[in-house]
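So that you can see what the record holds, here are the features copied from Swiss-Prot:
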type    : residues        : note
BINDING : 73, 74, 95, 197 : substrate binding site
SITE    : 38              : site 'Transition state stabilizer'
SITE    : 257             : site 'Transition state stabilizer'
């Protein structure tokens with residue numbers, strides 16, 4: 001039986017008013033601060049959640065915060081690959097990306113998905129601008145080789161998958177200063193102009209670090225980080241995360257997500273959260289209320 005996930009219609013008018021009143025100190029505290037949001041999962045697929053997300057981002061901008069959206073698009077890439085008879089393959093949470101897959105990734109992320117997000121934000125009254133790593137030299141990347149689990153010391157070539165060498169935040173800051181909302185596709189480029197597919201969690205974490213963000217919020221399809229019994233872990237330190245890596249509790253697609261979140265926390269991002277994007281207005285609930293939500297990642 002599918003568990004009912006709350007929507008805004010489940011909340012009484014009185015509670016809505018209380019939430020607005022509760023938001024005031026957070027609006028003051030985060031005014032002028034940068035909030036980096038990794039947008040992915042069901043929140044990018046279901047129309048109700050897509051509209052909820054767009055409205056949330058616009059509201060954050062209207063009350064004086066500087067939201068920066070870094071989006072994924074795994075399901076959309078898988079669907080596009082399926083149409084040309086290809087199946088996605090992942091190693092350690094990273095998509096193996098041959099030349100044909102890279103062309104699909106560029107088209108889906110930098111085109112279809114990004115345009116959908118930008119158009120939706122603009123439709124509801126915001127001013128969003130889409131970016132890829134090529135725009136303004138935003139994301140400089142090089143080929144990633146990942147360590148083999150089976151053969152220590154050996155590196156695995158997973159194709160046109162990149163790791164971030166540097167981020168030039170000038171174009172993002174310029175857009176923020178002009179009241180725009182940057183929407184960033186996780187595609188990096190080498191000095192030779194080669195495009196690389198970069199995990200969106202890694203881009204979001206590095207962007208939060210470089211922009212000296214107050215918060216990094218990662219939206220997922222689960223309530224947060226779960227233990228082996230399915231219980232939500234609401235607060236994790238670096239030492240606890242290392243233990244979860246070692247015993248296999250954190251694996252697959254969660255590996256780059258948690259690693260990126262922890263790196264951001266260590267770099268000085270004040271608050272790093274992994275939240276359930278399936279809940280309507282989860283972004284506002286995380287940023288503007290006292291409600292403990294999802295998993296907080298701390299460096300110590």
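One is the number of the first residue shown, and numbering goes on along the chain from there.
Heads up, the Cβ atoms here are built off N, Cα and C, so glycines get one too.
Taking every pair among 73, 74, 95, 197, the residues recorded as binding substrate, the greatest CA to CA distance is 12 Å. Here residue 257 (site 'Transition state stabilizer') is compared against the recorded positions 38, 73, 74, 95, and the shortest C-alpha distance is to 38. Report note: the substrate site is defined by 73, 74, 95, 197, and the residues of the same chain whose CB lies within 8 Å of the CB centroid of those residues, excluding them, are 72, 77, 88, 105, 108, 109, 186, 199, 200. Annotation for residue 73 (substrate binding site): same-chain Cβ neighbours under 8 Å, separated by at least 6 residues, are 40, 44, 108, 109, 113, 185, 200.
The recorded positions under consideration are 95, 257. Their Cβ neighbour counts within 10 Å are lowest for 95. In sequence order, 95, 97, 101, 102, 105, 160, 161, 162, 186, 187 are the residues near residue 197 (substrate binding site), counting only same-chain partners six or more apart with C-beta under 8 A. Residue 74 (substrate binding site) falls within a helical segment according to DSSP. Packing around residue 38 (site 'Transition state stabilizer') is summarised by its Cβ count: 28 other Cβ atoms lie within 10 angstroms of its Cβ, all protein chains included.
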